[in-house]
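Have a look at the structure below, then the notes.
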Amino acid sequence: MYFPRGAVKAPSNQLGWKGVQDHLEDAIGKLKPLNTVSLSVSSRTDTGVNALSNSAHFDLQRRKDKPPFTAEILVEALNFNLGAEQIRITRAHRVPDDFHARFRAQSRTYVYRIALGISHNSKLPLTESDLCWNLRDKKLDVGAMREAAALLVGTQDFSSFRAVSSDIHIISPLKTLDVATVEPGSSFVSAHFHREIPFWELTFTARSFLYKQVRRMTGALVAVGRGQLSVPQLQGILEARDSLSYPRGIVAPARGLFLTRVDYKETDMQLSQQTSEEQFTSNGNSED
């Protein structure tokens with residue numbers, strides 16, 4: 001079983017476009033495995049959301065006279081097969097057969113990027129196009145946003161911050177938010193652009209999130225920063241435990257959201273000593 005990590009930029013929502021998983025499975029298929037490869041991704045993201053780091057796992061069977069791919073060769077081969085797609089594999093590991101990229105994840109971290117004082121997207125550097133939420137506001141009440149963010153941390157019912165989806169009655173709304181911070185950020189080309197643009201980054205870490213939970217939390221915090229919501233009002237929305245209590249029109253757009261980390265226990269990713277010895281013997285026999 002292989003475990004590749006990489007970075008992706010979500011494709012536009014156009015008819016006939018393939019998703020990231022489709023492109024990755026096509027790239028793996030070009031390695032001519034004996035089995036039909038099905039990729040299991042750690043985190044599914046909405047159209048327009050980006051990932052600086054995501055992970056997945058898959059099983060790949062080669063002919064008996066072929067040794068397993070090394071991590072380095074697998075990374076190079078998959079990136080070559082991906083061609084011009086905005087997807088890159090950064091590293092790969094061999095993992096135990098019972099490893100699962102989605103269910104073994106210990107935490108996921110999302111960062112939402114906001115640019116201030118931008119009346120139109122055209123006033124952003126090209127490197128920021130569709131990679132942040134540009135607001136006309138020149139200032140936000142960051143103190144109030146941080147106070148509101150602190151209310152979201154901990155284990156609680158986040159029903160008010162999830163969008164309606166087909167699995168709404170299956171997945172528990174009880175989630176543990178470990179981190180919710182509001183900190184200064186920067187443009188990707190801050191040292192070279194002709195003027196300074198204030199950026200803020202909202203960071204959220206949890207083992208898992210509900211559908212559109214991060215975008216709805218971000219939208220609510222920005223509404224607090226703009227004075228559209230008070231901190232007590234946000235607390236009231238949280239305590240209502242009802243998605244209908246979430247105000248209309250304040251959900252943050254997808255383009256500013258980035259999946260930045262997916263963390264695992266090292267022990268979950270380690271092959272057993274016996275498996276490692278069998279792999280070494282297999283590789284040695286194949287090379288003789």
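Quick reminder: no glycine exception, Cβ is built from N, Cα and C everywhere.
Computed from a predicted structure; not experimentally measured.
Feature annotation from TrEMBL assigns active site, nucleophile to Asp46.
The substrate binding site annotation in TrEMBL covers Tyr110. Long-range C-beta contacts of Tyr110 (substrate binding site), restricted to its own chain and to partners at least six residues apart, with a cutoff below 8 Å, comprise Thr203, Phe204, Thr205, Phe209, Val214, Leu257, Phe258, Leu259, Thr260.
For 148-264, the entry in TrEMBL reads domain 'Pseudouridine synthase I TruA alpha/beta'.
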By a simple count, how many Cβ atoms lie within 10 Å of the Cβ of Asp46 (active site, nucleophile), its own Cβ left out?
14
Please compute the mean pLDDT of the model over the domain 'Pseudouridine synthase I TruA alpha/beta' (148-264).
93
